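Report on the following structure.
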Amino acid sequence: MASSSSLYLLAALLALASWQAIAFDPSPLQDFCVADMKSPVRVNGFPCKNPMEVNSDDFFNAAKFDMPRSTMNKVGSNVTNLNVLNFPGLNTLGISLARIDYAPLGVNPPHIHPRATELLTVLEGTLYVGFVTSNPNRLFSKVVHKGDTFVFPKAMIHFQMNLDHNKPAVAQSSLNSQNPGVITIASAVFGSKPPISDDVLTKAFQVEKKVIDWLKSQFWESNY
């Protein structure tokens with residue numbers, strides 16, 4: 001019969017193995033793995049560029065995060081992403097960044113990041129922020145000011161709104177994935193291609209078909 005210490009050791013090893021199995025962005029197995037965007041190889045992520053061809057510029061991006069972006073759209077916000085898709089040096093490093101500009105009363109509408117937790121820092125202005133848990137849908141919200149931070153747990157529906165009627169606001173988000181992904185709830189439901197069946201949506205939202213038709217007819221503009 002195995003000793004108690006052996007059983008404890010086995011349990012610990014199994015726990016460590018299962019933790020690795022459920023990790024979204026696994027720890028890198030080399031110093032770096034700059035993404036080779038031209039490679040025909042398809043993997044869960046991106047293959048590595050030849051390390052002998054890597055130079056300092058692969059770890060640099062002139063993101064100009066100090067420059068304001070246009071918020072001339074229906075929602076009054078603009079999200080500028082810095083992730084592995086436009087910064088290959090982030091490949092396997094499990095991190096990305098975003099600048100969010102808000103017009104007066106602008107909104108970053110309810111959305112989720114399926115692969116990342118988000119830490120938001122307010123750089124300018126005052127924001128109303130919040131997230132909704134899984135069922136039974138509890139809301140956690142807060143008014144945050146310049147210098148404040150707020151965290152949105154992974155895959156939770158969340159949002160931000162600039163409360164000022166006259167001044168823009170700016171925030172910066174850090175995310176613990178090289179490619180967090182984003183699903184904007186309204187446009188995903190009413191602007192999917194091909195569209196979701198009216199029968200599904202009328203029952204789900206408990207409204208008449210004409211309401212669903214009107215919502216589907218809207219131009220669901222992206223702020224990304």
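We number each residue from 1, going along the chain as drawn.
Each residue, glycine too, has its Cβ placed from N, Cα and C.
What Swiss-Prot records for 1-23 is signal peptide, and it gives sequence analysis as the kind of evidence. What Swiss-Prot lists as disulfide bond is Cys33-Cys48. The domain 'Cupin type-1' feature in Swiss-Prot is assigned to 70-213. The annotation N-linked glycosylation site is assigned in Swiss-Prot to Asn78 on the grounds of sequence analysis. What Swiss-Prot records for His111, His113, Glu118, His158 is Mn(2+) binding site, and it gives similarity to another entry as the kind of evidence.
Other than the site residues His111, His113, Glu118, His158, same-chain residues with C-beta atoms no more than 8 angstroms from the centre of those residues' C-beta atoms, the Mn(2+) site, are Ile112, Ala116, Phe131, Phe152, Met156, Ile157, Pro180, Val182. In the three-state DSSP assignment, the secondary structure recorded for Cys33 (disulfide bond) is coil. Rounded to a whole number, the C-alpha distance linking His111 (Mn(2+) binding site) with Asn78 (N-linked glycosylation site) is 14 angstrom. Counting only residues at least six positions away in the same chain, the Cβ atoms of Phe46, Cys48, Lys49, Asn91, Thr92 sit under 8 Å from the Cβ of Cys33 (disulfide bond). In the domain 'Cupin type-1' (70-213), the DSSP tally of helix, strand and coil residues is 22 helix, 59 strand, 63 coil. Residues within less than 8 Å, Cβ to Cβ, of Glu118 (Mn(2+) binding site) and separated from it by at least 6 positions along the same chain comprise Val151, Phe152, His158, Ser173, Ser174, Leu175, Pro180. His113 (Mn(2+) binding site) sits 16 Å from the residue listed as 'N-linked glycosylation site', counting Cα to Cα. DSSP assigns Cys48 (disulfide bond) to a strand segment in the three-state reduction.
Over all protein chains present, the Cβ of His113 (Mn(2+) binding site) has 24 other Cβ atoms lying within 10 Å.
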